[in-house]
Amino acid sequence: MADSSGSWKDAYKGMSSDNVKGLVLALSSSLFIGASFIVKKKGLKKAGASGLRAGSGGYSYLLEPLWWLGMITMIVGEIANFAAYAFAPAILVTPLGALSIIISASLAHIILQEKLHTFGILGCALCIVGSITIVVHAPQEQEIVSVVEVWNLATEPAFLFYAAGVVGAAILLIVQFIPLYGQSHVMVYIGVCSLIGSLSVMSVKALGIALKLTFSGMNQLVYPQTWVFTVIVLMCVITQMNYLNKALDTFNTAVVSPIYYVMFTSLTILASVIMFKDWDRQSGTQTVTELCGFVTILSGTFLLHKTKDMVDDESKENLSSEDNHLLLRLPKHSENGKGFAQEGIILSLRRQESAKSPRPARQIKQLEEDLEAVPLRRQESSSRL
């Protein structure tokens, strides 16, 4: 028992002040980013009410102050995240984004009225457990003294092959799959965000290291590699934000956030393993434990995704039962075809309205009474004639 306690102390006593700063910055980043999802979604909804929705290719949200407030909140979170990558390894920083899942899903349930199933809460818990498992067994970051060293790592054949595959897959999704499945499959938009995001994190880390070294007295701004990484960061971030806006505007926030987190985290860690060779400095047990953490996170994501379908099915069943009840109360025939067509139009409009916003029982009862009164009025008018 004493040996076990000693091994834990030996593992964590060497945590540097830089790693502590990275952890604090990563946690702060998750708080800001999780809240920004909700603020931006509110802005997108408000903008979509008066213009073309972002999910349909519109950009009216750029004129909405609420969306910009969410964007500023996200930028603050991303700046904190940017700084965290300069102090701690990607495998340590990236999984801490699980906190943003809990924040965004909880606020979506409270503010946006997007129902979160009980199993969805369990899914969030699994995501956190998996993330903690990865963080606990994360490798120590290697020391880098120049941005040129990072450039050499980025131009090795293995990472160049990965980068080419990511860019090719993103272009394929944008050109081929988004026009066909963008409005019905959440994985399409998020796939583009996650693929490009993995490259942006590697560039952000390189740029962060360059700035950290510059502030410490070793000027890295004189190297052209620093500016190449800067351009890559800007291109990747703009692409990410564009397709993330489309995903948020089209799909449930409680589903977008966790799926984006899992795909983004998985691809980022994969990119970091290839570029910085993180797993080369770990034992087989640590690597297997990290993989178990991935499986736990994926299980949580599966639960969140399936519970969305359960909520949607419940809503459809409720609407269907209301429609069937109204149909039973309608007269089956009419004295004149014109009157019957008018009743059909009334019923159709009421059903469409109910599908958009479920009515209280009192309003549904009033609607039934109005529909029942139609044949009585027709009979009175015919008797007068």
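Glycine is no exception: its Cβ is also placed from the backbone N, Cα and C atoms.
Annotated features in TrEMBL:
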TRANSMEM  20-39  transmembrane segment
TRANSMEM  59-80  transmembrane segment
TRANSMEM  86-112  transmembrane segment
TRANSMEM  119-139  transmembrane segment
TRANSMEM  159-181  transmembrane segment
TRANSMEM  188-210  transmembrane segment
TRANSMEM  222-243  transmembrane segment
TRANSMEM  255-276  transmembrane segment
REGION    351-385  region 'Disordered'
COMPBIAS  375-385  compositional bias 'Basic and acidic residues'
Cβ under 8 Å, sequence separation of at least 6 from the ends of the transmembrane segment (222-243): give me the contacting residues as numbers and ranges.
78, 146-148, 150-151, 170, 189-190, 192-193, 196-197, 199-200, 203-204, 206-207, 210
Per the Cβ filter (under 8 Å) with a sequence gap of at least 6 from its ends, the transmembrane segment (20-39) is approached by 66-67, 69-71, 73-74, 76-78, 80-81, 83-88, 92-93, 96-104, 107-108, 111-112, 248, 253, 256-257
Where else in the chain does the transmembrane segment (188-210) make close Cβ contacts, counting only residues six or more beyond its ends and a cut-off under 8 Å?
81-83, 85-86, 90, 94, 144, 147, 150-151, 154, 163, 166-167, 169-170, 173-174, 177-178, 181-182, 220-221, 223, 225-226, 229-230, 232-233, 236-237, 239-240, 243-244, 246-247, 250-251, 256, 259-260, 263-264, 266-268, 270-272, 275
Mind checking which residues reach the transmembrane segment (159-181)? Cβ under 8 Å, same chain, six or more beyond either end.
153, 188-189, 191-192, 195-196, 198-199, 239, 267, 270-271, 274-275
If one takes Cβ-Cβ under 8 Å and requires six or more residues beyond its ends, the residues near the transmembrane segment (119-139) are 89, 91-92, 95-99, 101-102, 105, 254, 258, 261-262, 265, 269, 278-279, 281-282, 286, 289-290, 292-304, 306-308, 310
